[in-house]
Amino acid sequence: MSKRGGSEQALALAKGKKIKAAEEVLKQVKALAAQLKSNNEVEKSLAQLNLPYNCREVIDKDTDAVLSEIEAAIYGVAASVLEGEGFSFDIPSRAKGNQMYVPELDRIVLRDSVSKRPFANTATCRKAAITSRILGLVHELVGKRIHVTKRDLFYTDVKLFEDQGQSDAILDDLACMLGCTRSSLNVVASEKGVVVGRLSFREDGDFIDCQRMGVGGKAIPPNIDKVSDISSDAAFILLVEKDAAFMRLAEDRFYNTYPCIILTAKGQPDVATRLFLKRLKSTLKIPVLALVDSDPYGLKILSVYMKGSMNMSYDSSNLTTPDIKWLGVRPSDLDRFDIPQQCRLPMTEEDIKTGRRLLEEDFIRSNPDWVRELELMLASRVKAEIQALSSFGFQYLTQVYLPLKLQEGDWI
């Protein structure tokens with residue numbers, strides 16, 4: 001079997017459609033890339049929109065600026081105590097009611113609303129103590145110019161924090177309060193995402209060639225600030241939901257036949273992968289095509305990359321990658337590619353509830369094609385994983401499904 005062509009059986013399963021030469025397959029992708037590069041429209045900012053309410057956004061800040069913000073926050077607390085108003089922090093509220101989808105920006109933002117976190121209150125005294133402790137730890141990290149993971153931060157005071165989820169949430173509160181990105185606080189998440197394909201860059205001065213990283217790929221650096229000299233001859237970026245599909249694409253060297261960069265966060269998107277994806281698209285100006293499961297969670301994961309997450313809406317300007325195209329696996333693909341019934345899984349009640357909630361979201365309703373696909377999924381009450389394509393052969397994904405989708409420009 002040739003690396004490009006695939007077996008006669010696989011081609012027969014392509015529903016009588018012949019897969020053309022790689023150059024022809026990529027014709028529509030290259031047209032999309034040309035359109036992106038010719039688009040000189042500057043991305044709008046919140047300040048330009050004159051919204052009827054104030055929003056809070058953060059920016060990258062250097063060491064001196066972060067130290068100044070932390071010290072100003074502590075001086076503010078000291079002044080409050082001296083004035084007889086007690087020990088208290090003013091913390092931006094990240095409650096769901098403050099999360100807003102702004103159609104002009106096509107992303108979720110955080111309304112500017114502040115709540116008190118007093119120490120002399122039984123409901124908030126523990127949170128106030130954790131806030132003070134993490135402020136001190138971050139001040140030490142930034143002052144020493146060193147980076148730690150969120151897990152390292154948690155283990156500095158397990159007795160106080162009790163659970164990493166609590167220290168993580170307070171860390172986000174502090175980034176929002178100080179007006180800086182979480183990476184500016186020198187606390188990063190552990191490596192999770194991986195990348196492989198037609199990409200090279202320098203990481204803290206070391207040259208990285210992602211075509212020479214084997215099947216496992218190169219771990220996406222947790223500190224994106226150390227990435228420089230990004231270079232690529234890829235026609236597109238393929239964003240993959242799951243590690244299993246990533247491995248198939250990497251092992252088949254899909255990027256050699258169809259020049260691309262393949263990237264995955266292995267499920268729920270982490271901050272480093274989201275930052276890295278945005279950096280790649282803004283630097284290379286090539287399309288991003290997404291391959292996710294045909295279920296509500298696949299669409300939810302895609303929407304986090306594109307529109308942002310509720311949890312980190314304060315940093316959506318840095319973390320969102322607009323205009324990602326949904327390549328597959330879409331609900332309409334199940335019949336179009338004759339996915340066997342035994343590979344179509346019944347949706348659970350929780351799946352259906354999640355799907356219906358998604359249909360109510362403004363960022364979903366803003367895309368009629370997404371709405372149609374989601375409605376089709378809910379009407380059929382079936383879902384399917386990317387791996388369902390393996391029922392036609394282990395390499396059907398790389399030799400038939402993806403080439404056909406690219407050839408026909410079948411994305412939304």
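Residue numbers in this text run from 1 along the chain shown.
From the backbone N, Cα and C atoms, a Cβ is placed for every residue, glycine too.
As recorded in TrEMBL, the features of this protein are as follows:
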DOMAIN    126-187  domain 'Spo11/DNA topoisomerase VI subunit A N-terminal'
ACT_SITE  TYR155  active site, nucleophile
ACT_SITE  TYR155  active site, O-(5'-phospho-DNA)-tyrosine intermediate
DOMAIN    236-406  domain 'Topoisomerase 6 subunit A/Spo11 TOPRIM'
BINDING   GLU241, ASP293  Mg(2+) binding site
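The binding-site residues under consideration are GLU241, ASP293. Their Cβ neighbour counts within 10 Å are lowest for ASP293. Averaged across the domain 'Spo11/DNA topoisomerase VI subunit A N-terminal' (126-187), pLDDT for the predicted model comes to 94. Around TYR155 (active site, nucleophile), a 10 Å sphere centred on its CB holds 12 further CB atoms from the protein chains shown. It is 35 Å from the Cα atom of ASP293 (Mg(2+) binding site) to that of TYR155 (active site, nucleophile).
In this structure the alpha carbons, written CA, of GLU241 (Mg(2+) binding site) and the residue listed as 'active site, nucleophile' are 30 Å apart.
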